[in-house]
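Visitor: Sharing the feature lines straight out of TrEMBL:
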- 7-26: transmembrane segment (TRANSMEM)
- 11-297: domain 'Sugar phosphate transporter' (DOMAIN)
- 38-63: transmembrane segment (TRANSMEM)
- 75-93: transmembrane segment (TRANSMEM)
- 99-121: transmembrane segment (TRANSMEM)
- 133-154: transmembrane segment (TRANSMEM)
- 160-180: transmembrane segment (TRANSMEM)
- 192-211: transmembrane segment (TRANSMEM)
- 223-245: transmembrane segment (TRANSMEM)
- 252-273: transmembrane segment (TRANSMEM)
- 279-299: transmembrane segment (TRANSMEM)
- 309-336: region 'Disordered' (REGION)
- 314-324: compositional bias 'Basic and acidic residues' (COMPBIAS)
Amino acid sequence: MISRQLVLTYLYLLIYVCLSSGVILFNKWVLSPKYFKFPFPITLTMIHMAFSGIVTFFLVRVFKVVAPVKMTFHIYATCVIPISAFFSSSLWFGNTAYLYISVAFIQMLKALMPVATFIMAVFCGTDKLRWDLFLNMVLVSVGVVVSSYGEIHFNVIGTLYQVTGIFAEALRLVLTQVLLQKKGLTLNPITSLYYIAPCSFIFLFIPWYLLEKPEMDASQIQFNYSIFFLNALSAFALNISIFLVIGRTGAVTIRVAGVLKDWILIALSTIIFPESVITSLNIIGYAVALSGVVLYNYLKMKDVKANQLPADNNPDRSTKDKKALNTYRPDNSMDNNDGTVIGSLASEAAAAAFDEEAPLIPSARLSYVTRTQTDSFSNR
């Protein structure tokens, strides 16, 4: 007999895969000048941030679903504000890429997420330069270059936007580790959005006022409130699904689900958006890059298991670690962008953070971050 818990686990995984793919395709459809014709990525991201900020306010302050953390002005000014700046930047650049390149090609470029995170971590001193990881990063980069070379509708501007968004998310992840982890601050998906969404909204307001507001005034855009509400609700629901999935599965399961989601997304995007054409060189390059990502995950998981061995011999430490797993904490993303949980689960949430604008949570082992997922409120 199949247990009820197992059925629920796979149901949550299915919901995550569907929501993650759906939000990305939904964002592309909304932003595309050819379909919904709302080419204002900053505005769309601000709608997501506003919606998340309002909903989490009611969940934290009114319904008290979760308790707020002890947030001081010093922590907010030195941690939340700089992290929000890079978070909003990654969403802005990642969503803007939808205007120029296809969903399929964007997913292929996101394979660079572990490369960007590794570079930033080494640069900031949170990780050491190792030749095995470095050669692995070279393999991923070569795969992405081959995939880019095979892109029929290659666009330099769109590619630069996406890559810039990936590196902004990678830097956000490093800052999350350096700043929040040192403060000992732990946030779950709801409280992270509660603190970060409003601040991200303010950061996005400045470029919106300078870049998009004049054009929106001139074109007299008519808002379809039902579409934007459904879009923002889908993105928020994705964050909740990530929380449910991480609470019930392990790192390997989530990574497999993420890879499956990427391939499904690439296939669906070519059906929903006929102008998106995939070549054999695209597939070969992405397969090479993906093999590098899988190998990277394997190497990092070995490191994590090796670091956890001493803790297993300490009963008190093991008890603390078991309790810690019940809290949704970080590690990347994920994808870029979005960002988890201590230990082996950290990377999934971080990745989700980049890809689906998932919550921003402090990072436990940033170097253990992988790629997938920021598009939600974007990208991703």
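Quick reminder: no glycine exception, Cβ is built from N, Cα and C everywhere.
Just so you know, TrEMBL annotations never went through curation; they're auto-generated.
Show me how these features fit into the shown structure, please.
Guide: Sequence-remote contacts of a segment are chain residues at least 6 beyond its ends whose Cβ falls under 8 Å from one of its Cβ atoms, and for the transmembrane segment (133-154) they are 101-102, 105, 108-109, 111-112, 114-115, 118-119, 275-277, 279-282, 284-293, 295-296, 299.
Residues 104-105, 107-108, 111-112, 114, 132-133, 136-137, 139-152, 255, 259, 262, 266, 347, 370-371 of the same chain lie 6 or more positions beyond the ends of the transmembrane segment (279-299) yet place their CB under 8 Å from a CB of it.
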Visitor: How does the model score the domain 'Sugar phosphate transporter' (11-297) in terms of mean pLDDT?
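Guide: Mean pLDDT across the domain 'Sugar phosphate transporter' (11-297) comes out at 89.
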Visitor: If I count Cβ-Cβ pairs under 8 A between the transmembrane segment (38-63) and each of 75-93, 99-121, 160-180, 192-211, which range comes out on top?
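Guide: Out of the listed stretches, 192-211 contacts the transmembrane segment (38-63) most.
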Visitor: Of the listed stretches 75-93, 99-121, 192-211, which one has the most C-beta pairs under 8 A with the transmembrane segment (160-180)?
Guide: 75-93
